[in-house]
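Colleague: Summarising the annotation, TrEMBL assigns domain 'EF-hand' to 295-330. Per TrEMBL, the feature signal peptide maps to 1-25. Annotated transmembrane segment per TrEMBL: 64-89, 101-122, 142-163, 204-221, 233-255, 417-435, 455-477, 489-512, 524-540, 547-566, in sequence order.
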Amino acid sequence: MATPRRLPVLLLLLLALAAPLLAHGRPFISDCGTSGSASAGGNTSVLRLPSEAAAEGEVGCEMSYGFLPCTTTAGGNLFLVLAYGFLMFKSATYLSAGSELLLEILGPGIVGGLFLPILGALPDALLILFSGLSGTKEVAQSQVLIGMGLLAGSTVMLLTLLWGSCVVVGKCDLSEDSTAIDSRDTKSFSLLGSGVSTDKQTSYAARIMAISVLPFIIVQIPKIFKLHSGHQITVLIGLIVAALLLLSYCLYQIFQPWIQRRRLEYSRLKHVMSGLLRHAQMHAFGRLLDDEGRPNVSVIEKLFHKIDLDNDGKLERGELRAFIVGINFEDIDWDSNLAADQVMADFDTSRNNSIEKGEFVNGMLRWLDEAKRTVASGAYSKKFLNDFHVRTRDEQNLLLDKDEEEGEADGNPTWTCIKAILLLLLGTAMAAAFADPLVDAVHNFSNATHIPSFFISFIAMPLATNSSEAVSAIIFASRKKQRTLSLTFSEVYGGVTMNNTLCLAVFLSLVYLRGLTWDFSSEVLIILLVCIIMGLFASFRTNFPLWTCFIAFLLYPLSLIMVYILDYKFGWS
């Protein structure tokens, strides 16, 4: 039986498959004009089989796999773009879920360094592959622009909109040496007085990202020097370099798995957080949130006094451990010492190895705010925090869903591994199945609206493939800790590195094997500019005042304007 989380996906899939039947007999605006047989017969064009359209002299469309719906109208293709885009988003979510679960079971190393980065970039890579895989050479040359739009749009979005948003939501007060003070945000939106800090390893990730643009420079050599030959050779060399950089990056992740370890550490902390909140809700002296979602500070203070066994007005590590030991997590086998250390590190903002009442209240308020953002519900009933615990468990994929009918313990590593593999297979199958229909829908929407397909794919398609990672990154950044901010920006730089290696290698393979023309100078230019500017900016500094977010935000519209001017005013395309 389908769980509630799967129902929207199944419903949308059924709607997509049933669209031809629903559309039959309904009027659509025809691309053939109002003269001719359409006006004579009194019927306008409808969504139909290609053979039917061809028989009546209309410009038909080709249904993907022979049964998925297609149309030549702007409205119909917009619906298909949204439908297939949502299914690609769910595909990326399942791949991320399975990857995190596999990381939890097997730990960092080969899995975290080799498979997880590739799986994270798989939806983008498949969309790029299908953009130039089918059809004649002329059709592929036209549709491959969608793949380039996705490649450029994903990279630019990560380094501009997402990077700037993480600075805004993660900002803290800056000390005299310009270092962010964890969890202290009293200077509002001070451009110089607030900002974020990362560690040295994050700057290394930024340098790796900047180096990964090398294949783009190689394939542009004939254009730079205005050579009339050697285009295919440079594409092949760029492909080889991209593949070597991908292999080197994966090996670096294997032998230096610090990103995976920090991701694992944070996911464990978040699961402890949800377990503690649920326990506090069940055993405290009242509800932690009222019906309007406002925190009940008096109840939080009573919980503090309950944990404070010696009544000295502060919580020591031993008292935290005793409280955690008394919690029956039911679905998690937890090291109480590690959990106490993580809670102490998160709540003890004064760094005096104890948690005062004010620090405890502020920490609980932060946790409750994150619970509200995660569940995003307008109803704060008694089971709200239990819902948050379930949601957090699913999102972090540490455990299986509790289901008595399955008859197995949630802590069974074998069954957990099977669930991880099933999620990965489901995500991969969905990405492979709906990548081609999404590319066709974007291409048809571009034809119907006369909007260049590059701009559609640049803006819209990254939202489908990167939304889950973007939401996760913003939630991590909102913790306002150098540790989680370092992880957030490392993930951003890692995602761009995979775009510049794996996704570019797929794109160059298409160009080389199908003999396509490399004519993407303006698109490559904006990728180079954004990657080099942000890469150099983040490579040699670890403190970023709030004003730096405006640099990132401005690069996004400037990228679009630059492509438009170079292609349509100076004729670069």
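Using the three backbone atoms N, Cα and C, a Cβ is placed for every residue, glycine included.
No curator has checked TrEMBL annotations; they are predicted automatically.
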Colleague: Is it true that the transmembrane segment (204-221) and the transmembrane segment (455-477) have 3 or more CB pairs under 8 Å, sequence gap of 6 or more?
Modeller: no
Colleague: Give me the stretch from 142-163, 417-435, 489-512, 524-540 with the greatest number of Cβ pairs under 8 Å to the transmembrane segment (455-477).
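Modeller: Most contacts with the transmembrane segment (455-477): 142-163.
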Colleague: Can you name the far-off residues of the same chain, 6+ from the ends of the domain 'EF-hand' (295-330), with a Cβ under 8 Å from a Cβ of it?
Modeller: 272, 275-276, 279-280, 284-289, 336-337, 339-341, 343-344, 353-357, 360-361, 364-365, 368, 402
Colleague: Which residues, given as numbers and ranges, are at least 6 beyond the ends of the transmembrane segment (524-540) yet have a Cβ under 8 Å from it?
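Modeller: Distant contacts of the transmembrane segment (524-540): 151-152, 155-156, 159-160, 163, 198, 202-203, 206-207, 209-210, 212-213, 216-217, 219-220, 489, 493, 496, 500, 548, 551-552, 555, 559, 562-563, 566.
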Colleague: Can you work out which residues elsewhere in the same chain, 6+ from the ends of the transmembrane segment (142-163), have a Cβ less than 8 Å from its Cβ atoms?
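Modeller: Answer is 124, 127-129, 131-132, 135, 439, 442-443, 452-459, 461-462, 465-466, 470, 473-474, 489, 492, 495-496, 499-500, 503-504, 507, 510-511, 516, 520, 523, 526-527, 530-531, 534, 549, 552-556, 559.
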Colleague: Given a Cβ distance threshold of under 8 angstroms, which distant residues of the chain, six or more beyond its ends, lie next to the transmembrane segment (417-435)?
Modeller: 84, 87-88, 90-99, 101-102, 105, 119, 122-123, 126-127, 129-130, 397, 400
Colleague: When the domain 'EF-hand' (295-330) is classified with DSSP, how many of its residues are helical, how many are strand and how many are coil?
Modeller: 20 helix, 3 strand, 13 coil
Colleague: Given the model, what does the mean pLDDT over the domain 'EF-hand' (295-330) come out as?
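Modeller: That stretch averages a pLDDT of 81.
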